[in-house]
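What follows is a short report on a single structure.
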Amino acid sequence: MTAALAVPDRLPVLLLAVAVAAVPAVLLGQLRPAVVVPVAAVVAAATWRLVPPPPRADARHVTAVAALVVLCAAWVVVGWRTAAEYVVVNRDPGFLTLRALWLAEHPSALIGVGDAAAAAAAVPGAAAGTEAFWLDGGSLHVQGNVLLPALLAVQGWLGGEQAVLAGNLGIGVVALAAVYALARRLVGPVWALVPTAGLAVSLPFLTFTRAAYTEPLTVAFLCGGLALAHGAWTARGSRPARRHLLVGALVGAVATARIDGAVAVVGLVLGYLLLAAGPLGRADRRGARRAALAAVGGATAMTLLGLADVVVLSPAYVREHAGQLTALLGAAALVVVVAVTLLLVPPAWSARTRTVVHRHRAGVGAGAAAAVLCLAVALASRPLWWQGRATDPATGYGHAVQVLQAAAGQPLDAARSYDEQTLTWVAWYLGGPAVVLGFAGLALLAHRAVARRDPAATLVVAVIGVAAVFPLLRVSITPDQIWAVRRLLPATFPGLLVAGAVALAALAGTGAGPARWGGARRAAAGVLALTVVGFPLTTWRPGASVVELSGRATQAHAVCDALDDLGVERVVWTHSSPFRYLATLRVVCDVEVVEFVEPPTTADLAAVRAAWGGGPVAALSFDATDYAWTAPPTASVGGTASTTLGRTLTGVPRTVDTTWSEVWVGLVQGDGSVAPAG
């Protein structure tokens, strides 16, 4: 039974073991079961004893873990039926899914284009690369970090394409287990179920685990690391540096999954710096400094792994976002360097400061709690006195904002970034009570961190305070829902929910002995807990039942089958609504592809065919009018009515958009005309 109770703590560490094996394997072009499985097993074995022991088995803990298992099982069953079909380049899940499908069948992340590069170079307006798939050195380099696609590909080894499409559900289970593990350390097993269930049924978590979004993966690592940190600081004999190295690696893995996850590393470094400066005894300070250096080292190593990933495998992405990445990583590096310097050479004034804070810790703790509450008021009131205007009006983002504003009947202002509404977004999905409870809990944790000198509370407040508040201040994303709230899922959602559980437990008097008005307080806490879990259910219709991009996988395979029937391995695609299709054809159908953004002339098609050697070349498009046909085409391929959740600026999405599309297929003739297939 003890082993079962340890599962929530161990799952994030096991996921980390696979990550540590998979990312270097991809960098070396060797993502194979024979490489990943043994390395992951070695890492898992090496870290097995570093996971703090679980709580003692009693009826409450056993029942709560059983409830967690039931919750996760039901959640997966429901999610599997509505897994998205992002096999087209449509925002992040599109290129991440296609990259995962490629890696499930290939050891290298580089997607060769064959002779398509030479064919495209011979014709103005033709390209062998497309959005999020940049051509460099004869291969397509996909945007972003490779960790999530690699983990989905590992699942694809076991279950094929459907396991890749639905694979984020498995990562979501680890994330829920990590949230439970952290909350259990803070408030016990029963109250820990509240934030876990609240996150599980929230519409953003449902949506972002049914497609290839990186955010659930970051929840797993962030909360898993904080849970491990709590155990590392509180369990008997729990301060060997290796445990804190593992804590740092888990939180640092957030930056391996998303390079902007370095924000979480900054919070971790600041938290450990505070812990190292706090102890009064010299021996305790030495131990705390060793722990801090180990944690900073682990986090830095994982951040550098994520940086190496994007620099090597996505160089065009790095060049495009060089300014943002330099600012973020430069700031993170500065924090790390300063922290390590202070840890190695403590300043002379720290002793006096430490003594003063310790002597007045009750007052300082009250001040810390008050600061949290003031921050909450400032964030909540921002729509009354400030507007975010961080969008460049001259970019496509500015145009997208205006389209959304026009649909909402708002004044057109391309510069609006809507940063002032971020906390309102959280309330849309979790409810106002959850937000209020969350900040109340963070205030309690801040007070506990100082007044009780609680190291676990210190780390939680530092990491959540930085990682959750940073996107609340500057969200940096196109502001349509449900897309925009993804920025708040990694830390803000679980952070507020777990902190809210701390507030609920305090209200109920848990662990405080007999409390005045105990029955009424427990009843109030119970009602609020039901509200935290129940409110997200009111946001479900229609979003919870929508299959994003339904039918797109079936459509893609129908196109592949048509190309197989024609015996064609080289394709011209002309971009037309709703998507570019080069990457889909290259990955799913395994054909060489040249893409035109504007309809090509017959001379263009003839030149591409000649550049490819004059063999059979197919011409495909969603729009039959893109080509000069030898005869009117009468039959299309893969017709589908595909659904997506509606986009809005003003609240939870309440509409579903349906788009009909069909693919027209023909063979390019020597003169550049196109003969209908079949």
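Cβ coordinates come from backbone N, Cα and C, glycine included.
Residues or ranges marked as transmembrane segment in TrEMBL: 12-29 (among others).
According to TrEMBL, the feature transmembrane segment maps to 35-51 (among others).
Residues or ranges marked as transmembrane segment by TrEMBL: 63-83 (among others). Tertiary neighbourhood of the transmembrane segment (63-83): same-chain residues 4-5, 7-8, 162, 165-166, 169-170, 172-173, 176-177, 180, 184, 189-190, 192-193, 196-197, 200, 206, 209-211, 544-547, selected by CB-CB distance under 8 Å and a gap of 6+ residues from either end.
Taken from TrEMBL, the feature transmembrane segment covers 163-183 (among others).
Residues annotated as transmembrane segment in TrEMBL: 190-211 (among others).
Taken from TrEMBL, the feature transmembrane segment covers 217-234 (among others).
Look at TrEMBL and you will find 263-280 (among others) tagged as transmembrane segment.
Residues or ranges marked as transmembrane segment in TrEMBL: 292-313 (among others).
Proximity of distant same-chain residues to the transmembrane segment (361-380), defined by a Cβ-Cβ separation under 8 Å and at least 6 residues beyond the stretch ends, is recorded for 422-424, 435, 439-440, 442-444, 446-453, 461, 465, 469, 472-473. TrEMBL lists 361-380 (among others) with the feature transmembrane segment.
Summarising the annotation, TrEMBL assigns transmembrane segment to 457-477 (among others). Sequence-distant contacts of the transmembrane segment (457-477) (same chain, at least 6 residues past either end, Cβ-Cβ under 8 Å): 182, 186, 222, 226, 229-230, 233, 251, 254, 263-264, 266-268, 270-272, 274-275, 278, 368, 372, 375, 379, 388, 390, 417-419, 422-423, 442, 445-446, 448-449, 483-484, 486-488, 490-492, 495-496, 498-499.
What TrEMBL records for 489-511 (among others) is transmembrane segment.
Look at TrEMBL and you will find 523-540 (among others) tagged as transmembrane segment. For the transmembrane segment (523-540), the residues of the chain that approach it from at least six positions outside its boundaries are 191, 194-195, 197-198, 201-203, 206, 428-431, 433-434, 437, 497, 500, 504-505, 507-508, 652, judged by C-beta separation under 8 angstroms.
Counting Cβ pairs under 8 Å to the transmembrane segment (489-511), the stretch among 35-51, 163-183, 292-313 with the most such contacts is 163-183. Segment contact holds for the transmembrane segment (12-29) and the transmembrane segment (163-183), given three or more CB pairs below 8 angstroms at sequence separation of 6 or more. Tertiary proximity for the transmembrane segment (35-51) is limited to same-chain residues at least six positions away from its ends with a CB under 8 Å from its CB atoms, namely 6, 9-10, 13-14, 16-18, 20-22, 25, 154, 228, 231, 242-243, 246. Between the transmembrane segment (190-211) and the transmembrane segment (163-183), the number of CB pairs under 8 angstroms, six or more residues apart, is three or more, so the stretches are in contact.
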